[in-house]
């Protein structure tokens with residue numbers, strides 16, 4: 001399931017965050033944090049994990065997502081890996097790969113299972129060429145290039161890549177979510193069911209039908225969730 005999450009940050013918030021990141025001296029070679037599979041195909045820059053600016057900006061992003069009902073519905077978050085930040089420019093790219101299954105949070109000993117991958121775009125799409133995120137799913141390859149402040153949520157099991165940036169610079173945040181429901185098919189069913197309930201609420205639909213659907217939703221969540 002691939003879901004676009006609009007307006008995680010306003011355009012002004014995204015621009016201010018990008019400016020602070022661009023001015024930072026904490027950028028390092030992105031291969032420093034890549035795994036065995038990713039390192040040979042990863043060519044980008046990244047804000048060092050655990051740096052003060054990464055922690056500050058990451059906290060802002062997580063706080064905004066916690067208030068975003070579409071993100072909650074799609075990801076059903078249990079744990080969120082502290083957001084990271086990357087930059088692509090001058091032909092930089094990231095070849096096709098699958099994210100590692102488990103991420104160790106630096107300095108904490110905590111582990112996060114990467115059920116859901118998230119990319120939050122911070123650069124307006126007209127300011128750079130290339131840089132599309134390509135995600136392979138059951139319906140083929142999905143090409144993603146969103147407005148600044150919008151995010152894309154997709155299964156951590158997906159093959160994905162970032163095309164070379166040939167003009168300008170693409171700055172984004174990326175991170176992972178350990179979901180209450182680890183299986184993507186089950187999450188997709190719950191997402192569709194929640195959407196149907198919300199539409200019934202908005203249209204003042206049949207109350208008995210709404211109660212039945214709400215009951216089904218929570219019983220399925222109870223059956224499938226890990227806390």
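Along the chain as shown, the residues are counted starting at 1.
Cβ from N, Cα, C; glycine included.
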Using only what Swiss-Prot says about Fe cation binding by 97, 99, identify which of 150, 160 is listed for that site too.
160
For the domain 'Fe2OG dioxygenase' (79-179), the number of residues DSSP places in helix, strand and coil:
3 helix, 59 strand, 39 coil
Using Cα coordinates, what distance in whole Å links residue 99 (Fe cation binding site) and residue 170 (2-oxoglutarate binding site)?
20
Other CB atoms, at most 10 A from the CB of residue 97 (Fe cation binding site):
19
